[in-house]
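J.: So TrEMBL has the following annotated:
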- 360-645: domain 'BEACH' (DOMAIN)
- 643-675: region 'Disordered' (REGION)
- 647-659: compositional bias 'Polar residues' (COMPBIAS)
- 662-675: compositional bias 'Low complexity' (COMPBIAS)
- 1054-1074: region 'Disordered' (REGION)
- 1372-1422: region 'Disordered' (REGION)
- 1385-1396: compositional bias 'Low complexity' (COMPBIAS)
- 1454-1495: repeat 'WD' (REPEAT)
- 1503-1533: repeat 'WD' (REPEAT)
- 1630-1662: repeat 'WD' (REPEAT)
Amino acid sequence: MNPFHNVGISIPSKYLFTLPRPLGSSGGEQRFILAAQIPWVREVMSENKVPPKFPIHDDLTDDDVQAHLSQGNCQPLGPNWLFLHLTVVKVSSSVKCFQDFNTSLRTRAIHSQGKLTWPQLVDFIGESNFNFLWEQPQLSLQAEQTNSNIDGCGNSKKKMEILEEVRTTEKNYLSNLMNHVYPNAPSLAAVATSPVTASQDQVRSEEKTSISSLSPALAILLLNGTSPMSKSSDESYFFVLNAFVPFTLQDCVKFSPHKLNSHLKYLFILYQILQFISDLRDSNIPAWDLGLGDFRTDECLYLSVVPKFGQILGLSEVNTVNDRSDLTVSADEKILSFVKSVVNYVRRGGMSQRLESEVAHGLEAKVISSIVKHWCEGIISNYDYIMVLNFLCGRICDGNPNFHPVFPWVTDFTTSGQPHQNPGQSGHTFVGLGWRDLTKSKFRLNKGERQLDLMFEEAGNHNSVPHHVTDILSEITFYVYKARQTPKEILCKFVRPKWVPAEYPISIQRMQEWTPDECIPEFYDDPNIFKSIHPDLADLQVPKWSKSAEDFIYRHRQLLESEMVSAKLHHWIDLTFGFKLSGNAAVKSKNIYLALADNHQQLEKSGILQIFHTPHPPRKCRLREIKNTVTFAELKRLREADPLEDTTATAETSDNRSPTKAAGTGSSSNSSATTSQSVNSAVWKNISLPKHYDPMGFLNDLEVSLNFFRSHFNEEPQIRLLGLKNREEIPDQVKLFGCLLLELTLTSKFSHISSVVTSVQEKFDFYKKAVNNALLESLPLFAKRAVQAIFLPHTLEYSLPLQISLSLFLKGDRLSPLAFPRYFPDVLKMVRTLRNFDGLLQTSEPSDTIYRIKVQELKVKSFSRDLISILNLIDEEGLEIILPFVIELFHHPETRVLAVWNLFCPISRAIGRKKSIDHLLLPIVQIYESDYHSEKHLKLFHRSFLLQLMSCFGLQVFLENFATLLIEAIGGWKNSVDTFDTRPRTHLNSTDILEIDAPGTSKCTKKLPPQRAESETVVGGEGMDQVEPEMFLFEPETSASDYETEGVILSALQNPRGPTSRSPSISGLDNSSAKSLNISDDMDLTTSGSSITIGRASSFGSVIGPVLINKTNTDISEMCCESIIWLAHRLGPVLSAKFISRNLLRMLTLCYYGHLEGNVGSGGSVSCEGDEYANRVLECLIAISDLYGDCFIERQYLPYAVDLIHSATIKKMNGSVEAAIVGVGSLLQKVFVHMPDALLLSQLREPLMTAVLAPLVTFICTDSPIFPSGAMPRALLASKTVAMLNAIRKKIGPDLSQHLKPLVLQICSTFHAVFTSQTEVPEMKIVFGASLAYESYLSFCDLILGTDFETLIRDLYYKYGLDNNLSPVAVPTEKSSKKRLDPQSSSFGSRSFGNRVQIEEPDNSQENESSPEAPPPRKDTTRHLKGNWLIYWDHEVGRFETKFDFKQIKLQNFVGHTGAIRSIFVLNNENSFLTASKDKCVKLFSLRNQGDETTTTSSQWTYSNHKKSVLSVIFNEPLHLAASTDGFIHVWDPFVGKIVRILDQKNSKGIICSLKSLENTFVGAGIDSTVHVIDPRSCHSFELRIGIGQNSGLVRCMSVSPSRQFISVGHSSGMISILDLRNGTLLGSWKAHEGEILQLMNSSDNRLISSSFDQNISVWNILDDHRLAFHMRGPTEPVHSISAYENELITCTTSNRIGVHSYIDPNSDFSSTRLRSDTFKGIVTTMTLLPLNQILLVGSDSGTVTLLKLQQKLNMFGGIHPPI
């Protein structure tokens, strides 16, 4: 029913979806889902009335909209559409008495105790004395306990509240109530169509309180009924619009229970429920019968509630008598009435008012138990009982296939299946012809046993979820069932896109054979399902034994109610709703459903629900009685059929005679006489019983029934001992909370009660009887004390003498039975503010970008400020609650940039690196992957933020995920300012960027990135000429002024509806507030149509929103260029070559792909859009070569160009290939300018002339049209080739320039062929025109002079000069050339004069100063690769194989220590390391190449506060703190060079000998068998004692598992101990070696590697009874250092021998090499591997640290291969 029709408003019914009305709800209240456009909603909110015109969707039909609404999850219909929750309350104007919600709604009297006995008096005195100790806590709660008061002597005083009765109408009371519930909602006085009585003005003027978790009302309308169908003109309707949230808390616990995977998530939900009920109490609003289905929840577990005003109205009415006319109705009639109500509700989605009232007032908690008993007794039909079971699972007939009821198929329709057979006949068959086997699921019967077994086994083999059944009623099956009554549009959407009527089953028999799913109730009660509404789809055929659809429904219903089905139906119930859905019973029955086994954590609206956990009792029927009984007549018949045996007959004879043979013997003529004569003397050896008889049948059925009712309904006599304490009455709010607590924590046990019983008192009474010791044991630990305090207060071992109240529960972890963390109030306040901002944005106009920008900025800054302020208080489990909200901000396109900038670093440090990679990496990568960026993204490309990414994610993860994205930004891929340019782009991580189809000749519309304004300053934008800063240099923290927005936030939240018109300011924002946000001062905001132009004046800013950015001051490409060069300084030569320069070379292709449109410059050179993108890429490549030397040009750039040109000659030219060729031309043009003369001469003939220049000249001179994009790529390549030849000619001098003459003449001959019409290719005439001739003649006139082409080239040269107003140069002649004998400037070659002809060239000195071809001055060469550094780098650039083959290549020495090196710790970025030595010092070294292998490097900083030899040193990267130990732990800050604290272990006699780093803590091992866990943030520590006796010896080493959960400790006695860091439990200790343990290392959580003085390397399975896995073969000396690289193991022995195991396996290959004296001097004391650079740091006893290369085997190809 459309409620708008009742008030005369025309809104399509298809845009409304009726939500099922809960049992016991008010008959005058209905709820709907409404699909509406945002402008329509905004008009309702601003005008406080419904607009006359309702907008219809442009693309979807009404049926499509209804189908979207019926899905439950409500996927958005479009960017401008919303789904709303509509509550309609029908009220009349009758005058009644209501309690004012400003007074108390409940009264309570405490009765005085009677006469006490002596034991009671003694107990009372002790309790009173104990109460006296709690006087102050009780008084603190007394102010909130207004209903009763207990004095110190135990006397009770009656304290009654006087009810204030207000005589008013329902309409006025609801108006006042809604204004009280929603303080920010518009006044109803303005929207009522009739005058409001004066009682509205009598409402007390008090401060309006805010109720937490209350869904905010977008609009409240009061409309009078104008429909002719209205019974009375006094009827009015309240329309309340709320934001729609699809999921409820009941959906979460039923269908997604693994979403609540920690106890703190339960506590967070319970805290929100408690706070909501408490706020209702404080607001004097009665708490209605709340259930889990009333609490809406999102993916972050934030709750919201839509009030039930109908129930509140009923609870507020006073002085009314419940005059029920049916008080004498028997219990059976009540149950039957309820069942009818449920069937009507499930089948039609609604109930009559009489039955609703009956359910609301008279239903008891044991109703389900009674229904089950009635069905077992045969009182309730099978159809009704299955309907009730579907109702308990939340399945109703509302058109949604996910919620639709399911029924069993009972026959295959091959026969009518008449169940009436003579029970006296022998050989009864319980599953006869045509009957379905109800002991197996329909899926199992349809698919077969073998297929289900294969499905289950293959799922386990492929690491997927093992299951047998996918769904009980799939979406496609549902629509096939109802195809005759469903529109074609819906069928084409859900069944198959193309309408083919022949694909649908033609008969009910064919449908039953086809489907693997269960049946639906329509085939038992609705004949219309057989009738087709489609002209081309015939009606569904009924079986031959049926006359019509109506007849089939009648007979099919009879089959369902038959004895055959009733006898076996309980098996089907076990499969569909009962215990065979889980556990071993499900596996045995092949009935494991995917939805129950996948442990999904995302919220689901539907699924399979198990309501019974024990076998369901059977139904009494004749067939079961026949099975369990045997009649006398049947025994007599069997007795007469069996032979009599003489007492003298042997046992063998009697045992071997069969009944058939005996019957044949007794057929003789004398058999009857003999039988009658010996009947008294005969003995029956065997008593034959019917085959179907089960003598234990009745007992088994009784046992099943007793177990069922005991486990589900607690129907068993309870013996309870009452104590002497007389507890006070529990408040109604606490009862409500207790019921919700049990339903939340024990959903599977009480789901059948919570779905039916709505009365809080009835549920409380039932739960109070059900709670016992066994139930308490099944409760989670956090809820056990709370359940005891509410339901069993006398069983508490240490009970509180305080009255149970909501305030007591909210007291937190000190007094509350629920241990809520102290930070929960702050977290809830922060999250509530966040959701309030979401409410503002939800209804804001999408085109009102200014408003959205400001609100989003306020939202992120507010959340960031609140979170950072409490982050140090939140524990690890608390972060699991906060993290979904942070991820939500990181994913949202309008908030992600500002949120990542403000929150990434603090939240990443809090959760640790592993969780940061798991949860935060993907959304941040998606920000960088976006092709179209704006000014707000600029800050994310700055080096300060990149440094945070490297620190939090680790260097390897950073390089693998962000290196290519930064390089794409250099090439202009992130600089788009045209949001309408949405063409797909090619990226560096494509499989083969050269295989992409060419885009044709379509002109690219992408704009060029504008140049940066000179006035702009960049934070941290130092010039690249300076030395790269050290690792210990970070950006300063964000100032507190960035978060001073509290006043603005509060002002914005006062208007939840958002602006009513497009205005550049938020309601409530003044100029001062705007200035505090740097909005009006820092941004130039102007509106122009639907777009906004935003320009920054000075800072990066934090502009949020999908806007069009006028980037006059912003250039991401330039910022990335500086960041990449800075990154190259940090990474070193190897990683720079692998991750930066290699990708920069590949990026050149993308710079030109699709950007080859260009023009001719004034000097004859041709340029294109791609040149603009490639300039900064080339700048980075040259900067890297300047930093590390010309080896990058010689051994990486030139081989790349050679290989790519070679590949282009053998491949078919396409768009990507031509872009790659042009990119190589730009690279070589730049490289030849910067190449040293000696290097150029060494490479000139081979490979430059043969492999580079000659193929390029061939490309441009060929007369075949090989370039798919036309003439422009050829022209670009020709211009760049001429420039290359000119650059080479200038460097090699005039004599060696003769080597270039053949190439120049080939170009000139092409000119001659073009102008003599010898070629027919049109593009050749365009390329070889006057511009190229001008450039060629200007560069090579001396080589052209005297050739056959001189006249042609010279004429074209003059023509181009005259056309472009260029100053002509005199034509060179032989005479003039003799006069000019000055040699050309060349840096290499002979200076012979010969017959060379020279001409005057224009003076372009000023132009050359800014020309890109002018070589920059050579920079510092201290980091140029030399000696072994060059060998190491050259090997790594061309390496593809990763197996170690140790070669002794010494790279560098680090000096400074005067004692032996005891420990080396390398930072994750591998550019710095810490060393600890016996000289009492810890030194910090920088890992950067300098000079050759003879260079020594000194430390950059020294920590010298130790008083003894330093044993170990570590660095905690999340906290940026270092720790070292000399027996006492020193925590110090290497960034500022100051000590934080020295931890003196006063209670420990031993010293700390080893340190390891966890996420945010340190772990230290003491030599006295103790482990100390230290939190450096608070400097608190706790001690874990191993406690394995004195024979264990001293602790020598320690290792931490990768998961940071286990710690392994090695002892001097050869013992190994394992500790669980989560609870301090000693998991085990065992004798591992005969000698002292030297080293421990965890390769995984279960795999531990140990080395000892007994010369063994052992591998242990520590979680598998500490069993020895195997010994590693190879070393013959004790191993004191172990490192791992992927699957390989690197060891170092006491005799300076380095060993490499190819795998951690007993049969792995092993190679060993002793360090040479010229490579390493002294004895190795420690060793550390740098995995990214694959080099070793080796410490010696002399205090020197040597950097060694682990040389790998080279592959057969070598070099770097281009991606072609």
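Placement of Cβ uses the backbone N, Cα and C atoms for every residue, glycine included.
These numbers come from a predicted model, not from an experiment.
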J.: With a Cβ cut-off under 8 Å, give me the same-chain residues at least six positions beyond the ends of the repeat 'WD' (1630-1662) that come close to it.
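T.: Beyond its ends, the repeat 'WD' (1630-1662) has Cβ neighbours at 1593, 1596-1603, 1605-1606, 1608-1616, 1618, 1668-1672, 1674-1684, 1689, 1691, 1704.
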J.: Quick test of the contact rule: Cβ under 8 Å, at least six residues beyond the ends. What residues does that give for the repeat 'WD' (1503-1533)?
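T.: Distant contacts of the repeat 'WD' (1503-1533): 908-909, 912-913, 951-952, 1034, 1459, 1462-1463, 1465, 1467-1468, 1474-1484, 1539-1545, 1551-1562, 1564, 1572, 1574, 1576-1577, 1579.
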J.: Mean pLDDT over the repeat 'WD' (1630-1662): what is the value?
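T.: So the average pLDDT across the repeat 'WD' (1630-1662) works out to 90.
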J.: Give the nonlocal contacts of the repeat 'WD' (1454-1495) in its own chain as ranges (CB under 8 Å, at least six residues past its ends).
T.: 950-951, 954-955, 1030-1032, 1130-1133, 1135, 1188, 1422-1423, 1425-1429, 1501-1504, 1506-1515, 1517, 1522, 1524, 1526, 1534, 1725-1728, 1730, 1732-1733, 1737, 1739-1747
J.: Per DSSP, what is the helix/strand/coil residue tally across the repeat 'WD' (1630-1662)?
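T.: Its residues fall into 0 helix, 19 strand, 14 coil.
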J.: For the repeat 'WD' (1454-1495), give the DSSP counts of helix residues, strand residues and coil residues.
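T.: Its residues divide into 0 helix, 18 strand, 24 coil.
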J.: Just give the helix, strand and coil counts over the repeat 'WD' (1503-1533), going by DSSP.
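T.: Summed over the repeat 'WD' (1503-1533), the classes give 0 helix, 17 strand, 14 coil.
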